[in-house]
């Protein structure tokens, strides 16, 4: 579970670890930024939407919730589309959907229409871009894959820092309708990123074996892998509490009497630390002595994040919350950089498209349950400390599930023979005895000349399909 898989892609092409892969990395950086930052960035338009439609804040908050639910919950659908049509066509269609949803939303006359356009259509478009971009990134990088994943993950905080001020500027100058229209045009850049996702093509070589059978559209055999099951369970529990502190930290500061401007600056601190934490975590995970133990590093990052939540629950002033945001940003960045690297190390490239879709589907339920459950607890107790303790306990539990499960269930699997030994034994088994005196050409002629025997078809390399 903790070992790194040598990525030779579904076509058998060795990952180039550079070259055009840097263009793919840039595209993945942009797509990751749009996918994770966009649901948060649209929140700057909520006040105008409340005034326009005469609704409450909880009604507008459903826009971001639906966006995230589509991003996570459509994982299996994305997996099926990628396995059927390939990454680039799916991303091109997704880019059009993402743009179309925001453009259509600018003409909406009710909040329900905004849910359907911005939430469902744009959310589906972002999902059709996010998952294929990660698949392509992990096909292009093998040795440098941890670093590549870390750099791509940095797109989330970078775009969040850029899109939120941009959204505010657009709202002030053009209103929410004009802002949605311009953001819809901006999302067409997803199609540009899709064009960068050039598939790796293998050239047919003489003497090569028969073509590989087509893969399943959704490979459920990943559930037979104990490592994948442990990862999926741990990730789902982690997501229950992972996104709760960023949602409530600003309100927590205001409850302590901190001015609105200083309270909002806490998210800027968190995002700034996150920008540097993700590439740094990817670099560390790619070190030769660390990479085989990437699953333990991922467990540590979750444990660190849970401890930060528990420490943040004791903050009694603005300085304490600043310290919390610094340590939370470090641990949050580590989790973001390592989560898909560890999943790739568990299942390999050939099953990654199905595995990531299934994991995102399981996480979708947790995303919808986590922040609302924190809000319910806050409504019942009116104490932010309990919310942070709950979030920290959930993330700590997930780290222990992954750590103990990997140590006791995965490490004790029987060791497989070394590749060199296995190859030598295979050669010995297939090598004919020295004194057999059998002419191999006669045997080959016999197999070709007698395709049927006793009513049964003998499948030779020439007759097999």
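Backbone N, Cα and C define each Cβ position, glycine as well.
The compositional bias 'Basic and acidic residues' annotation in Swiss-Prot covers 425-438. Residues or ranges marked as phosphoserine in Swiss-Prot (evidence: a large-scale study or a structure entry): 436, 464. As annotated by Swiss-Prot, phosphothreonine applies to 460. Taken from Swiss-Prot, the feature region 'Disordered' covers 419-438. What Swiss-Prot records for 423-441, 441-465 is region 'Basolateral sorting signal'. Swiss-Prot lists 2-17, 131-149, 201-227, 286-294, 339-351, 406-465 with the feature topological domain 'Cytoplasmic', giving sequence analysis as the kind of evidence. Annotation source Swiss-Prot lists topological domain 'Extracellular' at 39-61, 106-109, 171-179, 249-264, 373-384, citing sequence analysis. Residues annotated as transmembrane segment in Swiss-Prot, with sequence analysis given as evidence: 18-38, 62-82, 85-105, 110-130, 150-170, 180-200, 228-248, 265-285, 295-315, 318-338, 352-372, 385-405.
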### Task
Pull the DSSP breakdown for the topological domain 'Cytoplasmic' (286-294) and write it out as helix, strand, coil residue counts.
4 helix, 0 strand, 5 coil
### Closest-packing stretch to the transmembrane segment (18-38), where packing means Cβ pairs under 8 Å, from 62-82, 110-130, 180-200, 265-285, 295-315
180-200
### Message
Counting only residues 6 or more past its boundaries, what in the same chain has a CB within less than 8 Å of a CB in the topological domain 'Extracellular' (373-384)?
### Response
240, 244, 247-248, 251-252, 255, 313, 390-391
### Query
Is the number of Cβ-Cβ pairs under 8 Å between the transmembrane segment (180-200) and the transmembrane segment (318-338) three or more, considering only pairs separated by 6 or more positions?
no
### Query
Counting Cβ pairs under 8 Å that are 6 or more apart in sequence, does the total for the transmembrane segment (265-285) and the transmembrane segment (385-405) reach three or more?
no
### Message
For a three-state summary based on DSSP, what are the helix, strand and coil counts in the topological domain 'Cytoplasmic' (339-351)?
### Response
12 helix, 0 strand, 1 coil
### Message
Should anything in the same chain at least six residues away from the topological domain 'Extracellular' (249-264) have a Cβ under 8 Å from its Cβ atoms, list it; otherwise answer none.
### Response
270, 312, 315-318, 321, 324-325, 384, 388
#### Entry: Cβ contacts under 8 Å made by the topological domain 'Extracellular' (39-61) with residues that lie 6+ beyond its boundaries
67-68, 71, 110-111, 114, 118, 159-160, 163-164, 166-168, 171, 175-176, 179-180, 183
### Message
Below 8 Å between Cβ atoms, which of the listed ranges 110-130, 228-248, 295-315, 318-338 makes the most pairs with the transmembrane segment (352-372)?
### Response
228-248
### Query
Same-chain Cβ contacts of the topological domain 'Extracellular' (106-109) under 8 Å, 6 or more residues past its ends?
117, 177-178, 180-181, 184
